[in-house]
Every structure is written in structure tokens, then in C-alpha cells.
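Take a look at the structure below.
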């Protein structure tokens, strides 16, 4: 019997619909004379359901042996006919798990059906595994074992799906037994089921695969490399230990990126996996990727500070060949940490005295020079992203205005509006790199600050005060206009606050409560306290009036500057900035005096001291934060070059050790509980001894 497999697609047939009577006959396994009469009509083999299923598809779904046998004998072309999803009758039987005798006979007579794929790229074995139909899957795998390695459009084979489904119904065990019978043929390359077991971190399934088919452990994926590469990349310690035992040579293989598994372990942030590799291979200097990078290079480039810390603590003979080793570009591990803005990695490396922080790469750059270069580049990208955001915002506003004026337009206008909306969405997607640049920028600046503290080049003091070329006139004018707007808002706010403070003057606290509970005290304020109150009030009024006056003068200067000659803008900004600064300081002083007035009747000395300390500290903070507005450009650049580096470093230093403390507590809860229990027992013992001594 000759059957044209490729010629029987429903796409080439204009079939009629199967009626209810025929459907009921197939469903009820009814193959009487009435059914045969209906089927024997002209073009009966072209009868289909709305989704393109033929009578044979329906019979396969319900597992009716008699109907299947009858239809395959009378209409052999239906055997290879596919529905709208390119499913053969075997696909539907696999999904429903109908391993009836007629279907098995059909597979024996037409073995090519086991390899037919539908629109998803699934073979019938794929569908049987997905639905968990164990009996049918084992039957198909036994008839054509190679299909177990066929990948669908998602790159998953039936074996891979069986592992991914967690060995549902024990289907993986039976598949491995069925496939194992085929000896001699090496399995094709592709996404191994071992990768699925590693992805789920299921050491049980991994061991089953290793025992049944150890050759699967050696399968290589085009993207992820071999199984050891994948287990190392996700930090799967048990999997790495098992694979090093069963597939030791996999540690000497490179993935498509040119990295060994030990390199990927250094990228995975898992110290335990790195420890396992160093125990197995105590010669890490021999493992260089295609860029000539050792494991310390890779860990530094990935920013894995904990991995670097662990490697640096190893034996000196093992570590020293790695510390200052250069890759093909002449970069040491510290160069890579500096160039990629990995602040934690740079912090760990630069503090090790064995690391040469003055080494130069092929471009004659030290790690500090490279970090400085990269931070400037990141700053430029960030500024460009801000400009793009401004342009997108203006487009958005313009589109909104056009949209609001065109609500009653024609259909053609509405279609144009949709096109513009699509363009805006596309522009928004283009502006997303700003957030990536923001993260990269702060990483670069923090890394530069760390290297500035530990390995900055020695330069003269005059260099720090060297003024770099300023902005061009148009940019400086635009920046000054922005400052005018900001200063004007602050000046008006200060004026409003100080005016309200003059309307409602601070008062002494009510003394009635104190007099009721202390009859021996006087009911009126003493002359000395009243004199102190007056002095504080006069000081309050002076500062409040000064703040109001300074803020109003600043506001008037700024308004004058906005309507005056452009050359006057720069001087106006400097003068008004100083006046606003003076107004804020005086307002803060007035507030402090109002608090002191409220506490004149208080006998709590500690409260006065605490308020005074807080006031002094925040006064200094405010003064320091406002200094860049009124200081010359050279001094501002000095602050930026010197002081900001120290601030970034202190902020990083605080976060680094807080994070280390938290991770130690979370990682070792038992030791923490042991310490607390020991402390409590010791405290209880001290209390009991004290009670005994008293008795």
C-alpha cells in the first residue's frame, strides 16, 4: 500500500463538516450498517471537524479499535492526513493515551508516523510525555528510540520534557530503559536531559540518568556547553560533585565563549563550587580562557567579591601567580574590576598588598586611570540619556496637545493618532538604557573613589585647583536659567515660612500643671526667666525678619535677572544664591530659638543638650551642602575631586560591612542562636549568684 505522506494535508482539501450523527457513532464505537452507509458517501474521506480533524482523528482520540481498523482499510489516505495544527492521528492518540491494538498496528505498518511533527515541532512522543501517558510513551520509544532525542521548536526533546516534568508517573525511568536497548548509536547533540535535571537541581534524576545512560552526561549544548559548564554556572554544588566523579574530563572542555567550567563557577557567586574545583584542581593558573584570563580575572570582571576573597585566602603558591597576571589586553584582575565598575571586587583586590595597583595594560593605563576613563564615559552617556529623555518628554507633551484638539476628527486622523502613539512607545523603549547607565554610572564612580583612596597617583595641590574648561555660553545660560527657577522657588518658600513665624510668635509653655503639683513654686514667671524669654524673643524676631528680608531680596534679584540683560544673569545667580543661603541659615536659627523658648520652663537638661547637638550638626550639614552654590568654580572642582571621593567611599564602606554582617547572620543562624543562648545562660548565672549573695 503506497501512501503519499506529504500530499495529504488538510490545507489542500476543501472538506465538509462531520455531522452530529457521525460524531456520535465514532464516540460510541458504533460501526453498524448505518455508519457504513454514511461513510461510503462521495468525498467521505474529506469530512472534517472545525479544527480539521478527520473521522480517523476522532477514532484515535476515543480509542475505537473497530472504527480505526475499518477507516484505515477503506480510506488509507486518512492515515497521514493532518489537521489544522499539523497533528496526525498518532498525535491525538498520544495525547489521550489510547494505546489500542489498532493504533499499535498502525505504527508497525507506518513507522514514519512516529517522526511526524506538528506546528509546535512536537512528535507524538513529545505529546505522550507532556500528557504523562506512560504506556503510550514507552511504546513509541521502543519502536523508534532516536525520536526521544528530537527537539521541538522550543529546543526540548521528549527525554528533556520527562526530566522537566519531574519524572511524572515514572515515565523517565521507563524511557531510559527503552532507549538503553539501542546500542552502538551515539545520541545526537542537543539540549540534554542532564541540563534539565541540573536546572531543577534534582540530584536524584541526575544520578538515574548517569546510571542508565552515562553517555548523556557528555552531551554538549550549543549555547551552554557541557553539563559541567551548566552546573557550574548556576552554582549547583551536588551536581558539580557528581559530574566531576562521573564526567571528569568535562572540566577540561571550553564552552562557546571559551570558558572552562571553573571560570563559570567563579561567575556563579558560589564559593562552595569554587572550593570544590580548587580541591580537585589545585593548579588554577593552568586554566585560561580564550582571552587569556584566569579565574581571578573572571571573578573580578563579574564583580564576585566573595569568590575573590576566598581565592585570596588560599595558599600563597596557588594565589600569587593569579594576582597580577595579565590577559591578552594586558589587564590584571584589578584592571577588569576597575574597567567594569565592580566596586566590591575592586575593594577586595586593592586592599591586598600583593596586588600591584600601579601595573599598566597595553594602553598604558593603570587601574585608577582606567576607572577614571570609564567613569567619564559613563557620565557622558548618562547626560546624553537625560537629553534624550527631555526630547521624548517634549514629544509626549506635543502629542498630548494634538490629541486633545483632535477628539472629533475623522477616521483617517484617528489612524494617524495610533501611528504616533506607536512611535511614542517605540521612543520610550529607546530611552530605557538611561536606567542601565544610571546603575553603571554609580558603580563606576564608587569604584573610582575606592581606587582614589588606596591607589591614587600623587599630584600637586595646585593640580586639584586647576579649572577645567567651562560650558559654552549657550549651555551656561540654560543652566543659569534652571538655577534661577530653583532659587526662586526656595526664596518664596522661605519668605512664606518666615512671614507665618512673625504672625504667630513663640510662647512659653503653660505652667498651670506644674503649679498644681508643686504649690511651693511661684505661679508666675520669675524675673530672670522673663528676661531670658525676652532676649530669646528679640533674637527670634531679628533672625525671622532677616530671613524674610534676605529671601525677598533674592526673589526680586532673580525676577530682575529673568527680564534683564543676559550678561547680568550669572552675577544675579551668584548674589541671589548667597542671599537664599543666608535666609535659610537665619530661618533655621529662628526655629532653634523658638524651640529654646518653649523649653525655658523645662527642667530636663538632657533634652536641651540633645536639641543643641542636633541643631549644630544639621547647621553644619546645611552649610556644607549649600557651599557649592556660592563658591568659585575652582573650589567646587576641588571639592568634587577630593571630598566627594571620600563620601562615596564612606557610603560604600558602610554598606559593604552592613551587608557582610547581615549575610553572616542569615547564613549561620545556628552560631547566632548559640551565642545568644550562651549569653543568656551567663546572664542567668550572674543573677542567681547575686540572689544567693543577698540571701
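Positions of Cβ are set from backbone N, Cα and C atoms, glycine also.
Predicted automatically and left uncurated, TrEMBL annotations should be read as such.
These features come from TrEMBL:
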type	residues	note
REPEAT	154-177	repeat 'ANK'
REPEAT	329-362	repeat 'ANK'
REGION	366-433	region 'Disordered'
COMPBIAS	377-399	compositional bias 'Basic and acidic residues'
COMPBIAS	402-415	compositional bias 'Polar residues'
COMPBIAS	416-433	compositional bias 'Basic and acidic residues'
TRANSMEM	438-455	transmembrane segment
DOMAIN	478-595	domain 'PGG'
TRANSMEM	484-505	transmembrane segment
TRANSMEM	537-561	transmembrane segment
TRANSMEM	568-593	transmembrane segment
TRANSMEM	605-631	transmembrane segment
TRANSMEM	643-662	transmembrane segment
Near the transmembrane segment (568-593), which same-chain residues lie under 8 Å Cβ to Cβ, leaving out any that are not at least 6 residues past its ends?
476-477, 480-481, 483-484, 487, 490-491, 494-495, 497-498, 501, 506, 536, 539-540, 543-544, 546-548, 550-551, 553-555, 557-558, 560-561, 611, 615, 618-619, 622-623, 626, 629-630
What are the DSSP helix/strand/coil residue counts across the repeat 'ANK' (329-362)?
15 helix, 0 strand, 19 coil
Give the nonlocal contacts of the transmembrane segment (438-455) in its own chain as ranges (CB under 8 Å, at least six residues past its ends).
337-338, 341-343, 346-347, 350-351, 357-358, 366-368, 371-372, 374-375, 378-379, 381-382, 644-649, 651-652
Can you break down the repeat 'ANK' (154-177) into helix, strand and coil residue counts using DSSP?
17 helix, 0 strand, 7 coil
